[in-house]
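Chemist: Below you will find the structure I want to go over with you.
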């Protein structure tokens, strides 16, 4: 892989590294805290586990890859279902085991090469599953934007959520430079200010919260049903991880798929995810926003991500930060979520397009159709006390159909890359 850009001096003094690291955390901050706020997890804990997860990832990769790990959007709906069905502790127990998916894929890549992932999880499998992740969350976004199950008046809810959505859209489309990377942050700020003028903010939790507070740690509990439900969901973000590593490789001009190797980056992501769940935080994933910031600032030094992780851990011990985040009205988050969740579905569509999946071919048509119908229609399968439904069922069905249905004779067999 060649680098089109002139080389960048990696050596910087610690003060500059710390400042740029804080800048990287700021870029990731909006999306990082959005996941716990939506799912009911603790925002300070999410900051803590993002920092720890990034440090563990760096440990596994020899601190060679300038990438930041934080809360994964792919797990929002499963966490919401798990918390409602089994509680936070059991949901965390199931999420601990999702790291095993990364471990298994890491081993597969180590033995068979990176091309093995493409054969087991081709775009026709991953694409529709990602679409279902986004579409399954759409009703949640709309309900929050309309102020359902809350004390907000309909007119206030629609006004604030639409203003938030339009702000986020505007920044994402028209902003330049670093501003373009933080549309979620701008949307939250505008929505929050509007809520202030409407008298919808209660600052009492912030006043009561201490400056220093240990993040809320949840000890995981393990239940087979929760584990089996959550395991398959890790497939989509694990495969997307490959795209994240390819993106940062392109930005820096270094082939991280070869050194430190995809098997090590997958292992690092898996350990980060399991560690986060052990502490009560959401699973981690690579952040494209931070990769974009690396490209803009041309700071390719992996030590910057060490500083970003340290900042995240330090801020997680400030009780007033978590209390302030808890005051963000759900109608503000609803406006942002309508764009975010829709964009997840678009990523799934993009996966199919980039993979040049012929949807008119009978085999591909059957796989995509069944997965989409199962996901949107709410299909579930019971095995005694164990139930498969939603994204987990869709992932299992997509994999099985891909393995069972014969490939067209004129379909070229991809070689290991």
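Keep in mind that glycine also has a Cβ here, set from the backbone N, Cα and C atoms.
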Chemist: Could you tell me whether Swiss-Prot assigns residue 13 and residue 210 to the same side of the membrane?
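Modeler: No, opposite sides.
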Chemist: Including all protein chains displayed, how many Cβ atoms other than that of residue 240 (uracil binding site) lie within 10 Å of its Cβ?
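Modeler: By my count, 19.
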Chemist: Tally every other Cβ atom lying within 10 Å of the Cβ atom of residue 73 (uracil binding site).
Modeler: 22
Chemist: Would you mind listing the long-range same-chain contacts of the topological domain 'Periplasmic' (83-90), meaning Cβ under 8 Å and 6+ residues beyond its ends?
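Modeler: Same-chain contacts beyond the ends: 39-41, 218-223, 225-226, 280.
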Chemist: Would you call the transmembrane segment (261-280) and the transmembrane segment (301-318) in contact, using three or more Cβ pairs under 8 Å, pairs 6 or more apart in sequence?
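Modeler: Result for the transmembrane segment (261-280) with the transmembrane segment (301-318) is no.
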Chemist: Taking residues 6+ outside the topological domain 'Periplasmic' (146-154), which of them lie with a CB under 8 Å of any CB in it?
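Modeler: Non-local partners: 161, 200, 329-331, 334.
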